[in-house]
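First comes the structure, then the notes that go with it.
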Amino acid sequence: MQHLSILLVVLGSSIAFAQHDPHFADGRNTIVHLFGWKWGDIASECENWLRKKGFAGVQISPPSENPIVSGRPWWENYQPVSYDLKNRNGDEDSLSDMIKRCNNVGVRIYADLVVNHMATSIGQGTADHSYDPGSKSYPAVPYSNENFHASCDIDYNDAASIRNCELSGLKDLDQSQDYVRGKIVDYMNHLVSLGVAGFRVDAAKHMWPADLAAIFGSVNDLNTDFFPSGSRAYIYQEVIDTGSDPIDNKDYTGFGSVCEFKYGIQLATCFRGSNPLKYLENWGTGWGLLDGGNTLVFIDNHDTERSSGSYLNYKESRAYKAANAFMLAHPYDGITKIMSSYDFSDNDQSPPSDGDNILSPGFKEDGTCTNGWICQHRWSPIFNMVEFRSVVSGIELTNWWSGGDYQIAFSRGTKGTIAISINDSLDSDVPTGLPDGTYCDVISGSLSNGSCTGKSITVSGGKAHISIASDDREAAVAIHANAKL
């Protein structure tokens, strides 16, 4: 019996460790959140853009049935009515087709998993199912009143209340029940069978770690049509822990990664100029971040860009692009995620639509988006830095340099160098490990047909002369081995 217990512990540990692996194809990095996109449009984007630019994966909107809410706010997606795969983003056939097409070009799909709660908005479901939040009846699953925690308001100073009471009035499932666990596992297995590589777990902070560990440990291995035998779903969990919360994000790292919310908060203070950039020399655990092997990191997400002034977003374009460039250049080894937004003036605003139907993005000649889509993943300072991250992968940070509080530069060995200046102008020689020669700055432009579409940077004697004016469109310059003329 003792040998059996040891075996179970070892097997459990192996599964938990495997759930930190995002299953990126070789030479790729970074997940992009194509927030609100239709499944068919994501499939095309995988084939026509993401595969060419080195992106590793896409986080998609929750695929489950949700209420049809007046005005079609984005958050209706986060109120499950059932686990049927039909909503504004598409149906099961289009979802399955998208997952297959993206996998076929080396781009992985991560589903946003909403299993903390069920819908509280009244209406009809997008798969035409009826339900009654008042009596906690969701017959298409089915769930009934006995499958939920008693209704109560959350006290955010109390961990049990956070996990057992209702988030914004949403009906709180009791994941300690075998029946509820089984329904969630069935839903996850359905998505695994279609070929997803993993899950972003919404509101994980509001569920007990032991319950999530049991659920994730019961999910099938990934589909062998796309992944090696025995592969486990990558799990990254929304556990908001800014340092003063009663819930510790480390409690969730035994069975998956966590979204490191402190990452974007801390960088926002630096790139807005309220905390000197020069202090980023020890960026990482020295700033209170978790070890990178347990984290997914980002500058903003779909919630923070709407609800929190503590984070940068696309509306602060210069600082935002520089912060994303820093994230993609730095060796902190959390999985990086880029936000791809649509323009909004109202925090509840629907994705671009003609009413009920989401509009597809259009594209300008330079590759940027139209039809109300922001598409940060198509901005050259961002997609070029995804390539930078691949070029310098596995190489330590060297040649840290600061020319004042808000001017920094560093290298990644002999493969890449980035310089950043906010507030003041920079006009200095900075050390770089790159071989002598002329390089294209991949922030202001690209290397195209043997010439630079943006700035050219000359490296001589191990140094590069960097000029960034305070009114330049971009606050950063980056060069790497693959951008040499």
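In case you wondered, yes, glycine gets a Cβ from its N, Cα and C as well.
Listed in Swiss-Prot:
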| type | residues | note |
| --- | --- | --- |
| ACT_SITE | Asp202 | active site, nucleophile |
| ACT_SITE | Glu238 | active site, proton donor |
| BINDING | Asn116, Arg163, Asp172, His206 | Ca(2+) binding site |
| DISULFID | Cys46-Cys102 | disulfide bond |
| DISULFID | Cys152-Cys165 | disulfide bond |
| DISULFID | Cys369-Cys375 | disulfide bond |
| DISULFID | Cys440-Cys452 | disulfide bond |
| SITE | Asp303 | site 'Transition state stabilizer' |
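Where Swiss-Prot records a feature, it is marked here on the structure.
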residue: Cys46; record: disulfide bond; Cβ neighbours (10 Å): 25
residue: Cys102; record: disulfide bond; Cβ neighbours (10 Å): 28
residue: Cys152; record: disulfide bond; Cβ neighbours (10 Å): 11
residue: Arg163; record: Ca(2+) binding site; Cβ neighbours (10 Å): 21
residue: Cys165; record: disulfide bond; Cβ neighbours (10 Å): 18
residue: Asp172; record: Ca(2+) binding site; Cβ neighbours (10 Å): 24
residue: Asp202; record: active site, nucleophile; Cβ neighbours (10 Å): 22
residue: Glu238; record: active site, proton donor; Cβ neighbours (10 Å): 22
residue: Cys369; record: disulfide bond; Cβ neighbours (10 Å): 22
residue: Cys440; record: disulfide bond; Cβ neighbours (10 Å): 26
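Excluding the listed site residues Asn116, Arg163, Asp172, His206, the same chain places His117, His149, Ile162, Asn164, Cys165, Glu166, Leu167, Leu173, Ala203, Lys205, Met207 with Cβ atoms within 8 Å of the centre of the Ca(2+) site Cβ atoms. Cα distances from Cys452 (disulfide bond) to the recorded positions Cys102, Asn116, Cys152, Cys165, His206 are smallest for Cys102. Shown are the disulfide-bonded residues Cys375, Cys452; the one with the most C-beta atoms within 10 angstroms of its own C-beta is Cys375. Neighbour count (other Cβ atoms within 10 Å of the Cβ, all protein chains): 16 for Asp303 (site 'Transition state stabilizer'). Counting only same-chain residues six or more apart in sequence, the Cβ atoms lying under 8 angstroms from the Cβ of Asn116 (Ca(2+) binding site) belong to Leu167, Leu170, Asp172, Leu173, Asp202, Ala203, Ala204, His206, Met207. Taking the Cα of Cys102 (disulfide bond) as the reference point, the closest of the disulfide-bonded residues Cys152, Cys369, Cys440 is Cys369. Here the Cα atom of Arg163 (Ca(2+) binding site) is found 34 Å from that of Cys375 (disulfide bond). Note on proximity: of the recorded positions Cys165, Glu238, Cys375, the one nearest Asp303 (site 'Transition state stabilizer') is Glu238, by Cα distance. Closest in space to the residue listed as 'active site, proton donor', of the disulfide-bonded residues given as Cys46, Cys165, Cys369, is Cys165, taking the CA atom of each residue.
Rounded to a whole number, the C-alpha distance linking Cys152 (disulfide bond) with Cys375 (disulfide bond) is 39 angstrom. When the Cα atoms are compared, Cys46 (disulfide bond) and Cys375 (disulfide bond) turn out to be 14 Å apart. Of the recorded residues, Cys165 (disulfide bond) and Cys375 (disulfide bond) place their C-alpha atoms 36 Å from one another. The Cβ neighbour count for His206 (Ca(2+) binding site), using a 10 Å radius and every protein chain shown, is 24. Across the structure, Cys375 (disulfide bond) and Cys440 (disulfide bond) are spaced 23 Å apart at their Cα atoms.
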